[in-house]
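**Q** Dumping what TrEMBL says about this protein:
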SIGNAL    1-19  signal peptide
DOMAIN    20-133  domain 'FZ'
DISULFID  25-86  disulfide bond
DISULFID  33-79  disulfide bond
DISULFID  100-124  disulfide bond
DOMAIN    195-501  domain 'G-protein coupled receptors family 2 profile 2'
TRANSMEM  201-222  transmembrane segment
TRANSMEM  234-255  transmembrane segment
TRANSMEM  283-311  transmembrane segment
TRANSMEM  323-345  transmembrane segment
TRANSMEM  365-392  transmembrane segment
TRANSMEM  412-436  transmembrane segment
TRANSMEM  472-493  transmembrane segment
REGION    556-656  region 'Disordered'
COMPBIAS  557-591  compositional bias 'Polar residues'
COMPBIAS  620-630  compositional bias 'Low complexity'
COMPBIAS  646-656  compositional bias 'Polar residues'
């Protein structure tokens with residue numbers, strides 16, 4: 001029990017040492033003042049420094065005076081000015097006027113040597129006079145009681161990063177203009193239950209968008225030749241938005257694991273990721289920004305191809321020849337912007353969606369890397385789309401007497417208009433959300449600072465600020481419009497032809513095993529060859545060797561020639577039956593070379609014009625045998641071919 005109590009006291013002490021309170025005393029962390037007769041300080045100090053780190057940076061310029069010991073009181077004076085002594089929470093000891101004048105007089109020559117200027121806040125006439133102690137000695141410090149009204153300066157000092165939100169130096173992150181500072185992981189404007197609802201909403205929307213875009217892409221894979229240029233870019237931009245929805249779904253599953261960083265120091269809050277602190281966050285950012293920008297570029301490429309087809313009347317082949325340029329622009333431009341953002345360290349974690357993006361806290365990055373590309377894509381795409389529709393309308397007026405083609409063109413124009421509206425409307429709404437955020441972000445941030453300045457022990461503004469915060473609906477609309485853009489591709493592929501293609505695809509998947517099918521074809525073919533040869537042909541000396549070869553092939557495929565298996569109707573194109581035909585016919589020609597030579601002589605005689613009955617009968621007999629072997633792979637039953645062979649033999653007999 002004593003160990004637990006001691007451990008709790010240590011944790012409380014460490015926590016109080018590492019964090020600010022509501023304008024109370026805090027331990028001295030500035031290394032140059034560790035040897036002073038006090039170990040507690042109070043901020044803000046008389047120089048309007050609201051943090052020990054800032055005070056240490058400013059104090060560093062005067063430390064050469066302390067190293068030279070130009071005055072015996074210079075070190076004490078600097079510590080009392082920059083890191084004042086704190087007593088009883090709000091009682092602060094500041095340097096007095098006489099001490100200031102003495103130090104300034106002793107060190108004026110060294111200050112000129114090192115080029116040190118005395119700060120205006122430390123002008124000696126602004127300090128109070130020193131008091132005398134009861135024994136008559138002068139006291140170098142004056143006790144001052146700070147009030148709540150004096151905590152706010154007469155001028156706005158801007159945002160000072162609180163200790164809870166500080167990051168390690170050198171990471172390059174900044175928050176509201178303060179370096180080495182990060183925003184809190186919890187959303188600055190929404191309440192916890194609103195954040196949880198937004199997370200669920202984003203997860204559901206990402207699943208719906210992912211299913212829609214995958215349906216479009218799989219429809220394209222079923223029939224690749226169906227979607228040619230100029231409509232091929234629809235497939236590529238649906239692939240882009242499938243990755244966008246997948247990234248949001250992964251962010252929904254990860255929660256804040258990728259977008260936020262847990263502090264390893266006590267008293268520090270969980271902060272959003274800024275820069276390349278997390279590999280997972282950087283990967284999500286690259287995928288999300290690259291594919292969202294590529295989707296917008298593919299939309300512009302789609303309007304270009306439509307314009308080329310409708311205006312200059314380019315053919316599909318002519319547009320397809322420019323596909324290399326289309327891919328270069330559509331993938332190269334987003335890749336270049338992504339690399340630039342990574343080099344500028346503009347990756348920012350989103351505590352709502354769980355992903356990482358750009359412009360969440362940096363208005364400049366949002367303006368140039370999100371709003372500007374989106375506005376350009378909308379303007380260029382809309383202009384080309386209107387030009388293409390006007391060209392199609394002129395064509396429709398030219399063929400006004402052809403009612404059939406005019407009706408087809410009218411339906412095509414309506415289809416393009418509806419599809420473009422389904423795509424442009426979400427983009428326009430998203431652009432409006434970004435512009436609204438650009439106009440009100442500063443007031444939202446000032447309201448947040450005004451609400452949390454006392455909590456984080458940072459200077460509050462002396463102006464009365466009306467606290468403003470965005471509504472939850474703004475965030476929901478922004479995420480919905482980001483994801484719903486990809487669903488518009490489903491409208492383009494939704495048709496009766498798509499339904500029939502999917503139906504035929506599922507029918508093909510329910511067919512029987514192709515290996516078993518080939519075995520049955522081979523077995524039935526071997527049985528027919530043996531039966532047909534035993535009836536039509538006379539016994540020859542090479543019959544056993546030929547049938548033996550067929551039995552060997554049949555056994556190698558795992559079948560038996562002694563069983564009869566029904567033949568399916570789809571065996572005519574199987575590779576196994578083709579191989580059997582190619583194997584059997586040469587083997588028979590080798591087993592009876594005299595018959596094959598006789599057949600060739602008879603065919604030559606027929607071409608010359610011989611009409612002898614005996615030769616015509618012999619040719620019919622030989623032709624029936626060869627045709628029966630060549631057509632055995634696509635017959636329905638062996639009995640039909642046997643009947644044909646018997647009829648041809650009977651016809652020969654009658655002819656003779």
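Indices start at 1 and increase along the chain as displayed.
Placed from the backbone N, Cα and C atoms, the Cβ positions cover glycine too.
Have a look at these and tell me how they're positioned relative to everything else.
**A** Cβ neighbour count for residue 25 (disulfide bond) (all protein chains, 10 Å cutoff from its Cβ): 21.
Residues within less than 8 Å, Cβ to Cβ, of residue 79 (disulfide bond) and separated from it by at least 6 positions along the same chain comprise 30, 32, 33, 36.
Here the Cβ of residue 124 (disulfide bond) has 17 other Cβ atoms within 10 Å, regardless of which shown protein chain they belong to.
In the predicted structure, the domain 'G-protein coupled receptors family 2 profile 2' (195-501) carries a mean pLDDT of 89.
Long-range Cβ contacts of the transmembrane segment (201-222) within its own chain (Cβ-Cβ under 8 Å, at least 6 residues beyond either end) map to 234-235, 238-239, 241-242, 244-246, 248-249, 251-253, 352-353, 476, 479-480, 483-484, 486-487, 489-490, 492-493, 498, 501-502, 505.
Listed as Cβ neighbours of the transmembrane segment (283-311) (distance under 8 Å, sequence separation of 6 or more from its ends, same chain) are residues 229-234, 236-237, 240-241, 243-244, 247-248, 250-251, 258, 318-319, 326, 329-331, 333-335, 337-338, 341-342, 347, 355-358, 373-374, 377, 380-382, 384-385, 387-389, 391-392, 395, 416, 423, 427, 482, 485-486.
Beyond the transmembrane segment (412-436), the same-chain residues lying 6 or more positions past its ends with a Cβ under 8 Å from any Cβ of the stretch are 296, 299, 306, 366, 370-371, 374-375, 377-378, 381-382, 385, 388-389, 392-393, 396, 474, 477-478, 480-482, 484-485, 487-488, 491-492.
Panel annotation: around the transmembrane segment (472-493), residues 190, 194, 197-198, 201-202, 205-206, 208-209, 212-213, 215-216, 219-220, 227, 231, 234-235, 237-238, 240-242, 244-245, 248, 292, 295, 352-353, 415, 418-419, 422-423, 426-427, 429-430, 433-434, 436-437 of the same chain, lying at least six beyond its termini, place a Cβ under 8 Å from a Cβ of the stretch.
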**Q** Same chain, outside the transmembrane segment (234-255) by at least 6, Cβ under 8 Å from its Cβ: which residues?
**A** 199, 202-203, 205-207, 209-210, 213-214, 216-217, 220, 227, 280, 284, 287-288, 291-292, 294-295, 298-299, 302, 330, 350, 353-355, 479, 482-483, 485-486, 489, 492-493
**Q** Between residue 100 (disulfide bond) and residue 86 (disulfide bond), what C-alpha distance do you get in Å?
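**A** Approximately 19 Å lies between the Cα of residue 100 (disulfide bond) and that of residue 86 (disulfide bond).
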**Q** DSSP on the domain 'FZ' (20-133): how many residues come out helix, how many strand, how many coil?
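**A** Looking at the domain 'FZ' (20-133) with DSSP, the answer is 53 helix, 13 strand, 48 coil.
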**Q** So if I exclude everything within five residues of the ends of the transmembrane segment (323-345), which remaining residues of that chain have a CB under 8 angstroms from its CBs? That is, six or more out.
**A** 172-173, 229, 232-233, 236, 274-276, 282, 285-286, 289-291, 293-294, 297-298, 301, 304-305, 358, 365, 369, 373
**Q** So for residue 100 (disulfide bond), how many other CB atoms are inside 10 Å of its CB?
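**A** I get 23 for this one.
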**Q** If I take the alpha carbons of residue 124 (disulfide bond) and residue 25 (disulfide bond), what is the distance between them in whole Å?
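**A** Cα-Cα, rounded: 25 Å.
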